[in-house]
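> Residues annotated as phosphoserine in Swiss-Prot: SER21, SER22, SER34, SER135, SER142, SER194, SER210, SER401, SER404, SER406. If you look up Swiss-Prot, you'll see 72-142, 268-337, 363-513 marked as coiled coil. As annotated by Swiss-Prot, region 'Disordered' applies to 493-513.
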Amino acid sequence: MNLDSIHRLIEETQIFQMQQSSIKSRGDMVAPASPPRDTCNTCFPLHGLQSHAAHNFCAHSYNTNKWDICEELRLRELEEVKARAAQMEKTMRWWSDCTANWREKWSKVRAERNSAREEGRQLRIKLEMAMKELSTLKKKQSLPPQKEALEAKVTQDLKLPGFVEESCEHTDQFQLSSQMHESIREYLVKRQFSTKEDTNNKEQGVVIDSLKLSEEMKPNLDGVDLFNNGGSGNGETKTGLRLKAINLPLENEVTEISALQVHLDEFQKILWKEREMRTALEKEIERLESALSLWKWKYEELKESKPKNVKEFDILLGQHNDEMQELSGNIKEESKSQNSKDRVICELRAELERLQAENTSEWDKREILEREKQGLERENRRLKIQVKEMEELLDKKNRLSANSQSPDFKMSQIDLQEKNQELLNLQHAYYKLNRQYQANIAELTHANNRVDQNEAEVKKLRLRVEELKQGLNQKEDELDDSLNQIRKLQRSLDEEKERNENLETELRHLQNW
């Protein structure tokens with residue numbers, strides 16, 4: 001309950017007390033103004049005045065009861081509106097949390113997708129480099145069969161006696177071929193270290209290495225061809241070479257054979273290293289292919305799940321917008337209903353005022369009717385007395401007529417007939433007044449019943465007013481407590497301000513020192 005509602009209750013209680021005081025003063029004013037009654041009907045008018053005052057009091061109390069009920073309805077509606085507003089705030093907070101969670105989730109998904117794309121791009125570059133290296137290795141795989149053919153020919157020539165002179169002639173060519181193989185090995189080592197550079201440098205290095213290898217393989221192959229041609233020419237000059245080889249010393253043959261054996265061992269080592277490098281590169285390519293397939297699968301999954309997540313987000317956003325529209329519509333409807341209720345309350349107030357005015361007019365009419373009734377009762381008594389007197393006179397005249405019949409008797413008969421006619425008219429008027437009297441009595445009984453009902457409602461209203469007074473006292477106590485707390489806080493705030501000012505002054509003095 002707010003301070004405004006507390007002030008409203010205070011004003012309502014003050015108005016109610018003023019109404020009660022006005023009702024009491026009105027009752028005190030009405031009591032002495034009542035006219036004197038007869039001894040036979042003294043109780044009835046007093047009861048009518050009491051019922052009139054009680055009716056006025058009940059009407060005012062009924063008005064206050066209606067006002068309290070309207071206020072209670074307003075308070076309940078306010079509480080309902082506050083509860084709905086709190087619920088709407090909770091839903092808004094929940095939706096904001098949901099949207100924040102979705103944004104965080106989508107930011108993570110986007111970051112993962114971008115990282116996956118970057119890794120896929122790097123893997124593609126690595127795969128291209130590996131494919132280029134494989135192409136160069138495949139080109140180099142054509143060298144081992146040629147080397148094996150050279151080794152076979154060398155072994156055959158070593159067994160022949162004319163090999164010494166032939167070897168002397170082709171040692172230079174063999175040295176050239178060995179130098180070419182060493183240069184190939186150096187290029188392979190350089191290529192192996194060059195894979196650690198950037199992607200653009202890798203592509204350029206691979207192209208340059210392949211060109212250099214192709215250029216250097218040509219003289220190597222030329223040397224092999226020369227060696228083969230020299231070997232084929234051995235068949236023609238074997239006889240002359242054998243004769244020359246006999247004359248050469250055996251020491252030169254042993255040194256050359258050892259040198260050739262060393263070269264063969266080196267070539268075998270180079271081939272073994274190249275095979276190991278090839279197997280390692282094949283394993284690396286397989287691993288890269290498997291990783292690439294895995295990343296492709298992950299990328300496809302992310303690509304497939306993206307529209308689903310977007311649809312879910314759109315659905316949730318649509319639901320949120322629908323709920324917001326419903327809440328705004330509910331708020332508008334509540335405002336419209338509140339306006340309509342205010343209009344109904346105003347109409348009811350106007351109707352209540354009209355009924356109060358009608359009630360006062362009816363009470364005035366009732367007082368007038370009671371006065372007329374009392375006058376008619378007096379007239380009825382007077383007429384009854386006159387009838388009795390006339391009956392006595394009639395009896396006397398009948399006796400006189402029985403004794404003597406004269407013109408006076410005829411005149412008395414005529415007067416008697418006129419009096420009888422007047423008596424009939426008076427009886428007819430008496431019956432009419434009696435009917436009106438019965439109707440007024442029925443109205444009075446109905447009014448008394450209404451007064452009893454209003455008295456019960458007044459008791460209820462008094463209990464309600466007492467409860468409201470107790471609640472008002474409690475709220476006033478709470479208000480006083482809150483005001484005391486506010487004053488205490490204000491005092492503590494003032495003390496803190498004074499302390500801060502003192503500290504600032506001390507700090508300024510210290511700074512000045």
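Every residue, even glycine, has its Cβ placed from backbone N, Cα and C.
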> I'd like the Cβ neighbour count for SER135 (phosphoserine), meaning other Cβ atoms within 10 Å of its Cβ, all protein chains included.
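That number is 12.
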> What counts of helix, strand and coil residues does DSSP assign across the region 'Disordered' (493-513)?
20 helix, 0 strand, 1 coil
> On the 0 to 100 pLDDT scale, where does the coiled coil (268-337) sit on average?
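That stretch averages a pLDDT of 80.
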